[in-house]
Structure formats: C-alpha cells, structure tokens
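Annotation comment: Swiss-Prot describes GLY73, 76-77, THR81, 83-86, 101-109, SER113 as 5-phospho-alpha-D-ribose 1-diphosphate binding site. For GLY73, ASN104, the entry in Swiss-Prot reads anthranilate 1 binding site. According to Swiss-Prot, the Mg(2+) 1 binding site annotation covers SER85, GLU218, on the basis of sequence analysis. Residues or ranges marked as anthranilate 2 binding site by Swiss-Prot on the basis of sequence analysis: ARG159. If you look up Swiss-Prot, you'll see ASP217, GLU218 marked as Mg(2+) 2 binding site, on the strength of sequence analysis.
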Amino acid sequence: MMGIEDIVLGLNVDRESAKRLYEIISKEDCSDVCRAAVLTAFHFKGVTREEFMGFLDAIYKPTVSVDATDIVGTGGDKKNTINVSTASAIVAASLGIPVAKFGNRSSTGAYGSADFMADAGYSFPRDVEAALHRLKSNNFVFMLAPTFIPEFKIFSTVRKRLGFPTLFNYLGPVLNPLAPKKRVIGSASTEMMDVYSYILNELGYQAIIIRGQDGMDEITPFNFTDVIYVDGSVEKYVVDGRSISNDVRYDKISSQDPSLIRKFNFMGLKGENEDAAKFIALNTAPVLILNKKAGNYEDAYRLALEAIKSGQAYEKLEAIMHENKGLRHN
C-alpha cells in the first residue's frame, strides 16, 4: 500500500491508500509537521479522482439525504470578496428553496461563510436531528463543519499556518452531513471542476460547478465563468456575468478588512450596497436554475435581485434569526 512517502514524492495513490492516508494523518498522535507535509504535497501535485474518493470513503458517512440545495465555494481564490455563497443561500431560501448549507470559518480569506452567520447571531445546530428541524421549520440551516466532522479541528492550525488552499478546501463542499441532493459548488481550481463533476455524478447528485475565468470561485461579474452542469450526464458551458449584472465595482465587494467585508455583506443582502446586491443575485442564479425556478441565468438573476431589493431576502434572514433565538441549545 502506498502512503505518505509516495505523496510527498509527488506520486498518485489508489483509492484504498488515500483512505488509509487520511486515517493516519487525522489521528491525534500524528504531528502537525507530517500533516503539513501531506497537505503541501497535495497542493503541488493535485488530487486525482481516486484519491478524492478515498478521502470521502474515510470521512463521509451521511445517515440521511434531503431534498435541498447546498451552495458553497472552495475558497482560496485570494479575491477577498464578500461571502457571497451564504448571502445567496439566504436569498434562495427566501424564494422557497430549501437550503442546507455546510461551511466553516475562513482559513485562507478575510471572511468565511460561518463568520457571516456568527456575526448575524446564528447559533449553529449540534447534530443532524437539530439540523433537520431547522431546515424543516425555516427552509434553511447552516451546519458548522468542525461540529459534524470533529477531525477537522485537528487540521485547523496547520491550514491557517500554510495559508494556501489545502485538500480540505476541496473536500469541504461535498461533505454536507444532510447529503442534499442538489449542489452548487464554486471552485478556485480548474482541475477540481472535473473531479467534482465526476464525483457528484457518481454519487447521483444534481449539481452546477462554477469557476470564474479570472480565478474567482464564484460566478464572476468581471469576466466569463466556466460552468459544468451535472444531472445524470455532464454538460459544459460558459456564462458572461458582465452582461448579466452590469458594471459591478470591485471595491464595493472586496476588501482585506474583515469588518468592511462584513458591512458589504449585510448591506448587499439589504440592497443598500447595489454592487454587492448584484454580486449576490448573480450567484443565487445557479441555485434557482438547479431548482427549476428560472430557465436561464438572466431571468434567475432578475428574480434574485428583486428578492433583495424588495426586502424579501433580508426578511428571511431576520426570520431565521428570530427562530434561532429559541433554539440556542439545539
């Protein structure tokens, strides 16, 4: 069986060896130096389909599968934009789409998806039963990754010190404990788009995988975006976010200051920052298309933007938080 030495040498390993490798580096007696070596090796050599499936075999054992959608990005695109996936998830929920979001605090950027929810005052569910209750009662739940995959805590220090996207950035988007049947995944890596499409198709999920040609792990409003649509087969196409959202200012959706990003995020969801609102609506579009709420990106964008401008989206966040106050220990 191939192992750590092979990965460090830049060699690929088979599915079973990858599973065993994760079991080794996730043990408490494995040193951070060893973990860093493995994560760095994967960063430079890339991850194959077989290796990805091996890691999934070791980590991912969902007990349920819900008719809902997760929208998530890998992070690591170094753009320091607002957390658009979480805001888009709330917009989608306001339009009647069940959203089961799985995420974490930022490890490489200024502001992570869980940071947004924590700043809103959200109390994260502690188990699958509580998560299912939240989803049923308000069409929305946000699950914090380390709560459901405790081993992730072991890697948090190493990931922050490395400062670049690791294998866990790419694993995270497919590890949702409620196993929602629909996924929208933004990838900072072109190579990982094909891995995701293969994995999600193999697992029987419907999915839209996106990557901006400027490197953004979202639909970019500044360039073309590559898209892979997965639904029993795989279709590739390109979306021009510039022609859909029209003149989004980069300095209104991006900053290295977490407090400013937080401000942009909430103002965007309220419709008070038009550039951020457009960016959020643009990235809500694939969720609406996946759920047959719109037939094309232009119509989906307009529907999402109207939900923001009318106050419907922010009212949804307020409803989520109102219910959340009575569920602090669930």
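For all residues, glycine too, the Cβ spot is worked out from N, Cα and C.
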Secondary structure at ASP217 (Mg(2+) 2 binding site), reduced by DSSP to three states: coil
Fewest-neighbour residue among binding-site residues, criterion Cβ within 10 Å, set ARG105, ARG159: ARG105
Cβ neighbours of ASN104 (anthranilate 1 binding site) where a neighbour is any other Cβ within 10 Å: 23
Those binding-site residues listed as THR81, ASP217, and which of them has the most Cβ atoms within 10 Å of its own Cβ: ASP217
Rounded inter-Cα distance in Å - ASN104 (anthranilate 1 binding site), GLU218 (Mg(2+) 1 binding site): 17
Other CB atoms, at most 10 A from the CB of PHE102 (5-phospho-alpha-D-ribose 1-diphosphate binding site): 27
Between GLU218 (Mg(2+) 1 binding site) and PHE102 (5-phospho-alpha-D-ribose 1-diphosphate binding site): CA-CA distance (Å): 16
Listed in sequence order, residues with CB under 8 A of SER85 (5-phospho-alpha-D-ribose 1-diphosphate binding site) and six or more positions away: ILE71, VAL72, GLY73, LYS101, GLY103, SER113, VAL184, GLY186, GLU218, ASN283
